[in-house]
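Here is the structure we will look at.
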Amino acid sequence: MAHALTLNAGSSSLKFGYFHLDTDAGEPDARIVGLVERIGQGQRAHMRAKGPDGAVLIDKEFGRNHVSDHGTALERVVAFLRDRRPDATLSAVGHRVVHGGPDFDAPVELTDKVIKRLAEFEPLAPLHQPHNLSGVRAALELFPDAVQVACFDTAFHRNHPWVNDTFAIPRRFYDEGVRRYGFHGLSYEYISSKLAEIAPHLHMGRTIVAHLGNGASMCGLMGGRSVASSMGFTALDGLPMGTRCGQLDPGVLLYMLQTEGMGADEIQNVLYRESGLLGLSELSNDMRTLEAAAKENERAREAISYFVFRIRRELGALAAALGGVSTLVFCGGIGENSVHIREKVCEGMGWLGMEIDEGRNLRSEQIISTDLSRVRVLVIPTNEELVIARAARDMLAQKEETAA
Ligand code: ADP
């Protein structure tokens, strides 16, 4: 029995999974999934993990500054795993890496050369890529004998038609790598595989997936493959997010530069950390907080309205790009849990053949559309960790085959 660790490093969090692998292509078996949150200077980090039956294995807050970076967070995770599974040796570590640039359209083994290339994409995903790579470096030190595999959020979108891959700026920029990459690919890959399993006839058709979490994007799929995404060159484009602006007229950047005299770092900070739901509500980036405050707080209401409005616009745009839609899937923390957002997104969408059932939506059932709705509307909890574990399993199988 081989064992794999999956790592998914966000700006201040580290999600992890411990899997049993059957390299003869059986589905990886998640034995432990968890996360460390609030990593960073001045913070009290928190680690939580569950077993396969949902039992809580750890729920622990660390002292202030005890987990000040991702390397330390990984050490804590490893100490916890070693405590639970003292005999287990890891055969593989799978990493979520946000940006694979124009080069990578599939998982790849992390060699020195690959890591060096991936570091060149750090400016394209400044909130994620540096953390992803520091996780990779730390894991290489901790597990020098394990196969290290990178799984890219951009890879699932690499075969977009050219019109969805480019911007209308001079061609040399495209050649330099300024392209519409698209993100959340691991989530979309999981949703596509799950749809193939539970509803193969829907999987064959035209699907729009709304991944609505702290980061949010939408993707159009044809026969299970991505053909269009709301996100572009960086993870800033498309829908507004917790703290990111979403689609923005580039003239606004010129205004910030020329009229406000802002510097590049300042603008980056505004667009990545101070915008989106937080910027509009001036209250919080967290949808639960905004929904709770919406009754009394007009700005919280407006932030939610803007979020919903942009999702609806993107829904129409993707339906047009696909030439119709047979399935809409909601996933991500908001998509999986917010009854209100799902209801508002689908309200008045009868013209698109979409109607949701109030009771099914309220219970967050797998299918929330009415029986008469031409478009099936589903809620599918996403599972990026499983996609990473599958890639680790396949890489091990490939290496075994080459060695045989
Ligand atoms: P990330 O992109 O960091 O992985 P998640 O997918 O975990 O984010 O989503 C986090 C978002 O989901 C937050 O805005 C949170 O408020 C929202 N969320 C989680 N549960 C609920 C809920 N029951 N109702 C509304 N929003 C929720």
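Please read every residue number as a count from 1 along the shown chain.
Cβ atoms here come from the backbone N, Cα and C positions, even for glycine.
As written in TrEMBL, here are the features:
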type	residues	note
BINDING	ASN8, GLU384	Mg(2+) binding site
BINDING	LYS15, HIS211, LEU212, GLY213, ASN214, GLY215, ASP286, MET287, ARG288, GLY333, ILE334, GLY335, GLU336, ASN337	ATP binding site
BINDING	ARG96	substrate binding site
ACT_SITE	ASP153	active site, proton donor/acceptor
SITE	HIS184	site 'Transition state stabilizer'
SITE	ARG244	site 'Transition state stabilizer'
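Recorded features from TrEMBL, shown on the structure.
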residue : record                             : contacts (Cβ under 8 Å, 6+ apart)
LYS15   : ATP binding site                   : THR6, LEU7, ASN8, ALA9, VAL33, GLY34, LEU35, GLU384, GLU385
ARG96   : substrate binding site             : THR6, LEU7, ASN8, ALA9, ASN132, CYS151, ASP153, LEU186, GLU384, ILE388
LEU212  : ATP binding site                   : LEU239, ILE311, PHE330, CYS331, GLY332, GLY333, ILE334, GLY335, SER338, ILE341
ASN214  : ATP binding site                   : MET241, GLY242, THR243, ASN285, GLY333
ARG244  : site 'Transition state stabilizer' : GLY215, ALA235, LEU236, LEU271, TYR272, SER275, GLY276
ASP286  : ATP binding site                   : GLY242, LEU277
ARG288  : ATP binding site                   : none
GLU336  : ATP binding site                   : PHE330, SER364, VAL379, ILE380, PRO381, THR382
Let me know the most crowded of the recorded positions, choosing from ASP153, GLU384 and counting other Cβ atoms within 10 Å. ASP153
Which of these binding-site residues (ASN214, ARG288, GLU384) have a C-beta closer than 6 Å to some atom of ligand 1? ASN214, ARG288
Ordered by sequence, the long-range same-chain Cβ contacts of HIS184 (site 'Transition state stabilizer') under 8 Å (at least 6 apart) are ASP153, HIS211, GLY215, SER217, CYS219, SER229, MET231
ASN8 (Mg(2+) binding site): secondary structure state under DSSP, collapsed to three categories: strand
Mind computing the max CA-CA distance among LYS15, HIS211, LEU212, GLY213, ASN214, GLY215, ASP286, MET287, ARG288, GLY333, ILE334, GLY335, GLU336, ASN337, which the record assigns to ATP binding, rounded to whole Å? 21
If you run the three-state DSSP split on ARG96 (substrate binding site), which class comes out? strand
